[in-house]
Amino acid sequence: MQIFVKTLTGKTITLEVEPSDTIENVKAKIQDKEGIPPDQQRLIFAGKQLEDGRTLSDYNIQKESTLHLVLRLRGGMQIFVKTLTGKTITLEVEPSDTIENVKAKIQDKEGIPPDQQRLIFAGKQLEDGRTLSDYNIQKESTLHLVLRLRGGMQIFVKTLTGKTITLEVEPSDTIENVKAKIQDKEGIPPDQQRLIFAGKQLEDGRTLSDYNIQKESTLHLVLRLRGGMQIFVKTLTGKTITLEVEPSDTIENVKAKIQDKEGIPPDQQRLIFAGKQLEDGRTLSDYNIQKESTLHLVLRLRGGMQIFVKTLTGKTITLEVEPSDTIENVKAKIQDKEGIPPDQQRLIFAGKQLEDGRTLSDYNIQKESTLHLVLRLRGGMQIFVKTLTGKTITLEVEPSDTIENVKAKIQDKEGIPPDQQRLIFAGKQLEDGRTLSDYNIQKESTLHLVLRLRGGMQIFVKTLTGKTITLEVEPSDTIENVKAKIQDKEGIPPDQQRLIFAGKQLEDGRTLSDYNIQKESTLHLVLRLRGGMQIFVKTLTGKTITLEVEPSDTIENVKAKIQDKEGIPPDQQRLIFAGKQLEDGRTLSDYNIQKESTLHLVLRLRGGMQIFVKTLTGKTITLEVEPSDTIENVKAKIQDKEGIPPDQQRLIFAGKQLEDGRTLSDYNIQKESTLHLVLRLRGGMQIFVKTLTGKTITLDVEPSVTTKKVKQEDRRTFLTTVSKKSPPCACSWV
C-alpha cells in the first residue's frame, strides 16, 4: 500500500509499504529517498511518536495515511533523575529524546521497567510520546521518578448519549492517559474531551488517584463545543487585551493565552467575571462567558506569610502562603504535608466554612491566623428534593456535602442556576456554606426546592448602640435568614436577637414581604436580656439613672442604654466603678458589677492633644491623648510604641507618681506636658511599720513603692492619722 510522509518544510514523500513493515523499515526507506539517517528521524502519527520495533499495523496505519517527520536535534546534555529514596541518577540525553527513551535509559541503569516509571517535571507528569524539548527540559534539569503502583482496575466512562465505555486503567494513570485510551476506543481527540467526576472537571496532569477514582467508578464524558469567539481582558492599568477563545476553554487555558500575550505567569493572575474569581479547572461556558464578554485581570500580590491549621486532634500545621492563595491551594499544601485529600478537607475560619475558589485575602486571613481543619465524613447516601410542581429529584450525596454542592448537583440535573435555588428542610432555609450533617439531613431525607424571586435589595439594621448594618436580602427571605445574616456580620446568636419594624416584633417563620419590608427599610435590633438586673448610674450633677441590664452586657451596651435615656453619645461617656474606668469591650460580670450596683458617669472632655514621655535614657516618646484618658490608657499607648508592659511602668509628673485609675485632667496634664517614665525594678520585699502603741504591721512592697502607696495599703484605716501635718510616727524601715 502507499503511505505519505510529510516533513516540517511541507514536502510530502510517498512510500510503498506493507502493514507488517516496522517503523525501522519505514525510516530506512526514508533514508533511501531523502538521505536522512534513521537516528535523526522521529515519526509521528495521530499525535504519537512511533517506536522502531512496532509495525504499521500495530498503529492502525492504513493505505494513504499520512505520517509526520520531525528531525531530532543534535545536542547531547546531562540531566538528573531523583527517586523518592533520595538517590540521584545522571543521564546522557538529547533534547529530542522522548520520555520513553529516557525511561529506557533509566531501565538500563536501575532495572526499573518503563511501565512502572512516572516522571515528573515542574509538577507535571511527562508523557511517553513527547520529547524533553517539548517540556523545555534543559541541561542539568532534575526530573522526579515515582514508581507506579501495581493495581490495574476497570472504570466506566458514560457519554451524553448514554453509551458506557469500559477502560482498563491504573490509579497512577493521568487524565491525559485516560483521554488517550478513550481516543483509542472511540476516535474522539483528547482536546475535544472533558471528563467529569463528582461534579468536577478533571485536569490533564492529575492522576486518577489524585481524584480518589477507584475501581468501577463512573466518569462522565462531555464533548467540548467548537465555536471560536473573542473575549476581552481588562487590567487594573486600564489596558484591554483581546483573546481568541472557545466556550470549552478552561480558565487555565485563558491564563496561558494571557501569558503568551503579556508575559504574566499564570500563577500571578486572578481573573474576575461578574464579581467572582474564576477557578482554573472550570470552563468559560461554566461561567456563562460569551462572545465579547469582559474579564478583569488582577495580579496576585507577592507577600508570603505563615498561617496555622489546627486539626480536631489538636495538632497544629504551619503553612507558608500568600494572601492571594485560594482555599484550594491551601488544601493542596495540607495534602502535601499531611496526605489528606482536598475533597476530605473542610477549612473553618471565624466560624465560616471557606470556599475553594476564594482567596485568603477575601476572608481577611492575615499572617499567623489560625484555620480549623475538619475532615469530611465518607458515607454516600441518597436524598430527595421536591419542587413546587411536585416533581421529586433523587441525588447521591455525602453528609459532608455543602448546600452549595447540593445546589450544583441540582443544576447538573435540572439546569436551575444555584443563585435561583432556595432549599428548605424542617421549615428552615439552608445556607450555602453549611453541610448536610450540620442540618442533621440523613439518608432518604426530603428537601424542598423553592425558586428565588428575582429582586435582591438592601435593608438596614440599626442597633441600640447606634451602629447601622447593611444587609443584602430578598423579599422572600425569612426573619430567621435575616438573623443568620446578622450573626455572620456581627456574631450575635439569632436567639439573642429581637427585630422590630413599624413597632412590631418580627417572627422567625415569616418573610420580609409578609411585613411589607421593602428596599432601604430600617429594622431595629434589640438584644434579648439574659438574667436581667437593675443597676444605677450616678452623674456628676447628682442625677441617678436606673438601667435594666444583664451581667453579660458589655460596657459599650451600657453606654448605648445611657444614650437612649439621656442622649449622651457613648464616646463622651466614662464609666467608673470601684475607682476604675470601665473598658468598652469588657462585660459587667468581668468587673463583678451585680444587681443594684452604682456606676459613676463622667463626661469626656473633647480635645485631643499631644504629650511627651521622657525615659531615663533620654529618649522622648510623643503620644496622642485626650484629657479624659486614664493613666492606664497612657501606659497601654506606651506599650504599643515601646513594648514595655504597663506593670513595669511608673509615670511621674510634677514630682508625683501617677495612679492607673486617674485621668490626665485629674493631674492637670495639658497639651505638650512632659511625663517621666521610670521602669519598675523587679524585686518585691517585706517591710515593717511600727506604731506608737508598739504594734508592728508587715507589708509586701517593691523598692519603687511611694510613701503614699504604703499609707494606702490594707491597713489604711489604721494609718489615716499619718500625714504631712500629723506628728511623725515611729516607723522603722527594714
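The backbone N, Cα and C atoms fix where each Cβ goes, and this holds for glycine too.
As written in Swiss-Prot, here are the features:
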type	residues	note
CROSSLNK	K6	ubiquitin cross-link
CROSSLNK	K11	ubiquitin cross-link
CROSSLNK	K27	ubiquitin cross-link
CROSSLNK	K29	ubiquitin cross-link
CROSSLNK	K33	ubiquitin cross-link
CROSSLNK	K48	ubiquitin cross-link
SITE	R54	site 'Interacts with activating enzyme'
CROSSLNK	K63	ubiquitin cross-link
SITE	R72	site 'Interacts with activating enzyme'
DOMAIN	77-152	domain 'Ubiquitin-like 2'
DOMAIN	153-228	domain 'Ubiquitin-like 3'
DOMAIN	229-304	domain 'Ubiquitin-like 4'
DOMAIN	457-532	domain 'Ubiquitin-like 7'
DOMAIN	533-608	domain 'Ubiquitin-like 8'
DOMAIN	609-684	domain 'Ubiquitin-like 9'
K33 (ubiquitin cross-link) and K27 (ubiquitin cross-link), distance between Cα atoms, whole Å: 10
K27 (ubiquitin cross-link) CB neighbourhood, other CB atoms within 10 A: 22
Mean predicted confidence [pLDDT] for the domain 'Ubiquitin-like 8' (533-608): 84
Cα-Cα distance linking K48 (ubiquitin cross-link) and K11 (ubiquitin cross-link), given in Å to the nearest integer: 20
Around the Cβ of K6 (ubiquitin cross-link), the count of other Cβ atoms that are within 10 Å: 14
Those residues of the chain, 6+ apart, with a Cβ under 8 Å from that of R54 (site 'Interacts with activating enzyme'): T22, I23
Recorded sites compared (K48, K63) - the one with the fewest other Cβ atoms within 10 Å: K63
All-chain count of other Cβ atoms within 10 Å of K11 (ubiquitin cross-link): 10
Three-class DSSP secondary structure - K48 (ubiquitin cross-link): strand
Proximal residue to K48 (ubiquitin cross-link) among recorded sites K6, K29, K33, K63 (C-alpha distance): K6
